[in-house]
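Summarising the annotation, Swiss-Prot assigns region 'Type E motif' to 775-836. Feature annotation from Swiss-Prot assigns repeat 'PPR 2' to 36-62. Annotation source Swiss-Prot lists repeat 'PPR 3' at 63-98. Taken from Swiss-Prot, the feature repeat 'PPR 4' covers 99-133. Swiss-Prot lists 165-199 with the feature repeat 'PPR 6'. Under the heading repeat 'PPR 7', Swiss-Prot lists 200-230. Annotated repeat 'PPR 9' per Swiss-Prot: 264-298, in sequence order. Summarising the annotation, Swiss-Prot assigns repeat 'PPR 12' to 365-399. Per Swiss-Prot, repeat 'PPR 14' is recorded for 435-465. The annotation repeat 'PPR 17' is assigned in Swiss-Prot to 536-566. Look at Swiss-Prot and you will find 638-668 tagged as repeat 'PPR 20'. Feature annotation from Swiss-Prot assigns repeat 'PPR 21' to 669-703. Among the features that Swiss-Prot reports, repeat 'PPR 22' is placed at 704-734.
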Amino acid sequence: MPINYTNLLLMLRECKNFRCLLQVHGSLIVSGLKPHNQLINAYSLFQRQDLSRVIFDSVRDPGVVLWNSMIRGYTRAGLHREALGFFGYMSEEKGIDPDKYSFTFALKACAGSMDFKKGLRIHDLIAEMGLESDVYIGTALVEMYCKARDLVSARQVFDKMHVKDVVTWNTMVSGLAQNGCSSAALLLFHDMRSCCVDIDHVSLYNLIPAVSKLEKSDVCRCLHGLVIKKGFIFAFSSGLIDMYCNCADLYAAESVFEEVWRKDESSWGTMMAAYAHNGFFEEVLELFDLMRNYDVRMNKVAAASALQAAAYVGDLVKGIAIHDYAVQQGLIGDVSVATSLMSMYSKCGELEIAEQLFINIEDRDVVSWSAMIASYEQAGQHDEAISLFRDMMRIHIKPNAVTLTSVLQGCAGVAASRLGKSIHCYAIKADIESELETATAVISMYAKCGRFSPALKAFERLPIKDAVAFNALAQGYTQIGDANKAFDVYKNMKLHGVCPDSRTMVGMLQTCAFCSDYARGSCVYGQIIKHGFDSECHVAHALINMFTKCDALAAAIVLFDKCGFEKSTVSWNIMMNGYLLHGQAEEAVATFRQMKVEKFQPNAVTFVNIVRAAAELSALRVGMSVHSSLIQCGFCSQTPVGNSLVDMYAKCGMIESSEKCFIEISNKYIVSWNTMLSAYAAHGLASCAVSLFLSMQENELKPDSVSFLSVLSACRHAGLVEEGKRIFEEMGERHKIEAEVEHYACMVDLLGKAGLFGEAVEMMRRMRVKTSVGVWGALLNSSRMHCNLWLSNAALCQLVKLEPLNPSHYSQDRRLGEVNNVSRIKKVPACSWIEV
C-alpha cells in the first residue's frame, strides 16, 4: 500500500493494538502529516489520555472539534472529573462556544461522576442556546436524569423532543426499568412500537429486567417471541433464563437453555443460578458435571452456584472437585468465588480450610468478612464470630445487615446481651435497624438472652410486624422453656392479622418438641394440614422430629413412610436420630442401609448417627465399615464425626483407635476433649485422663463441668484420692464452676471406697445442691464394701425415702419379702445377644 495521507488515516483507524498505533504515528511524523483529531481519538481508544494530552497541547489554537475529542476521550476512559474540567476550561477560560457534541460528552461525564449539580447548570446553558430538542443532547439529558433517579425531569425532556431515534427510546425505557418502574417501562416500549420505531437488540435487552420484576409469565413469553423473531435468541439466552427464573417458570428456563445449540459460559452460569435459586441443588451439580465433561469455561456465577449446591447437600467431595475446576479456570483470585468456597467448606464441616481461605483473600470486602463470621456462627463458635467482628470494626470495614445479623446470633449463643445491646445501638446509628432482617435478629438476640423487655420494645418499634418477627419472639420463649408464652405470641400473631408461614409452623413444632407436648403438637399438625404446609420438606422434618421427641415414634414412622413430602438426606437423618432417642439402634442401622438402597447420599450428620448406633450396639464391624466410608468421603477430620468415632471405638473396647481418631480431628473443641476424657474414664485409664486434662488446659481450652466429671470418674475408678480431691477443689476455686450432684456422687464414691467416710459425709453435708439417689447410692456401695453397717443402713433409709418403689433398695438389705408389697412395679426383661 503506497504511503499517503489517506492510507495513513485508514491504517490509523484499523490499529488493533497499541504498538501498531505507535508505528503509524511514527510514519505520520516522518511524512510531516499531523491529523491531530484522529490521533487523539486513536490514543483515547487505548485509554492513553496522557499521550492524547501531549498531542492536544502541541496545537497552538485548538478548535472545538479537538476539545470535543479530548472531552470524549476522558469520558470514555472513566475520567469524568477531568472531562468536566476540560469542558469548563474550554467554555469559561478559552471562550470557545460548545457545540451539540461538547454538551453530549459533558452530560455523559456528569452522569458518570454523579455530578448532577453541574449537569443542571449545563442543562440551563443548553436551554439558553435552544438546543434541548437536539436528538443527541436530548438523549444525553434523559440518561443523566435517569442516573440521578429524577424520572420526572427525564420524562419532561423526552416528551419535549420533536425527533427521537431508537437510542433515545432505549435510554428512557432503560432508565425506567433500572429505577424499578417496570410497568412504565413496558408501556413506553409499547408506545415505541406504536410509533413504528425499529427496535434493536438494546431495546429488548433493556426490557428483560423490567419484565423479570413484573413476574408475569404471559409477558415473558411475548418478549421471548420478539427475541426469536428478531433473531437474538443466542445473545439473549442468559437474560431469558434469568427472566423465567424470576417468574418461577423453571420449565421455560430449561427449554431456553436446551434450545440454544451453542451455549456459552454465561448460559451455563445463569441456568445453574436459576436451579440454585429454586432449591434444585442436585440439578446444579449435574450441570456442573456436564460443564466439566464438555470442557466449558466456568464463570464466577456458575462457580458460586455449584459451591452453594455442594454446601447445601453436604457433598464435600463434590465441593473439592468444584474447587479444583475453579483453580483450573483461574477463578480462585476472585473475591466472590473465594467467599463461596469459604462458605462451602464451613458448611461441610471443614472450618479450618474456610479460615485459611479467608486469610488468603487479599482484598477482603464486607461480604468476605460477613461470610466468615456466619461460618463461625453456623459452627457454633460464637466467641470466634464476635472476635472476628471486632477485628473487622478495628480496621474500619463498615458492616452491613448480613454482618450484624450473624454477630447478633453469636451474642445470643453466648448470652452476651451487653455486646448485643452495643451492636443494636450501632445498627440504629447506621440506619440498619430499620431493615427487617436486622430488626428480627435484634428481637431474637434479646429474647434468647432472656431479656424480654428490650425484645418486646424492639418488636413494638417495627413498622410492619411480619411472621418472621413473631417467630423470633416466640423462639426466645421456647428456648427458656416457657411454652405457654411462646404459644401466646403465636395467638397474638393471628390477632394482628398476620398469616402464619411455614416457618411459624416449624417454630410451633419445635416448641412442642422442646416441652414434649404431644397434645399441642397434634393440634399444630392439624393447622399444618389446614394451611397446606404438610408437603413442604422442612415442615415434615419438624413434624417427624416433634413426634420422636414426644414419645410418639410410631406416628413419626407412619409420617415418614407415607411420604407426603419429598424425602431427602435430612429426613433420613431425623428418622435415624428418632430411633436412637428411643434406644432402637438396630432400627437406626436398618434405616441407614435402606437409605443407601434408595440412592440417597449420606452427609456428615448421617455418619454421626450411624456411628452412634454402632457405639450403642457395640457393633465394631458396622463401625469400622462406616469409618472406611468416612475416610473415602473425607469426613473424618470434621469435629462431630471425629467425636462420634472416638466414642464408638471406646465403647467397642478399642481405646487405641479412639486415640487415633481424636488426633485426626482438625478442630478439637471442648466436646472433643470431653469425649476422649470419658473414653479414658470408662476404660479406667486414670493417668491418661489426668494427662489429657492437663494437656487440654495447656492448649488454652477452658474445661467445663463435663470435663471435670469425666476426669473425676477416672480418678474414682483408679482410686486416685489425692488427685481427685485436688481436681475437685480446682474446679471451684480456679475455674469457678459450681459442682453438680454428679460431681459430688463421684467424690463420695472415691472417698468412701478409700474408707474416708468422715470426709465423704462431710462433703455430703457441705453440698450446695440437694442430695440425690446417686450420692446416697455411692455411699451405700462403699460402706457395704467396708462392712460399715451403721452407715450402710443410714444410706439405705435415705434411698428408700427418695425412691420407695425401687425394688433394688430392698433387695440390697435382703428385704426381699417387702418387694411383693410394692405395687405397680415393672421390670424391663433382660436379653443377651451377639453381633452376627
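A Cβ is built for glycine as well, from the same backbone N, Cα and C atoms used for every other residue.
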Do any residues, 6 or more residues outside the repeat 'PPR 22' (704-734), come within under 8 Å Cβ-to-Cβ of it, and if so which ones?
670, 673-674, 677-678, 680-681, 684-690, 693, 696, 740, 742-743, 746-747, 749-751, 753-754, 756
Checking distant contacts: for the repeat 'PPR 17' (536-566), what same-chain residues at least six beyond its ends satisfy Cβ-Cβ under 8 A?
502-503, 505-506, 509-510, 512-514, 516-518, 521, 524-525, 528, 574-575, 577-579, 581-582, 584
DSSP on the repeat 'PPR 14' (435-465): how many residues come out helix, how many strand, how many coil?
23 helix, 0 strand, 8 coil
Same-chain residues at least 6 beyond the ends of the repeat 'PPR 20' (638-668) whose Cβ lies under 8 Å from its Cβ atoms:
348-352, 604-605, 607-608, 611-612, 614-616, 618-620, 623, 627, 630, 675-676, 678-680, 682-683, 685, 699, 701
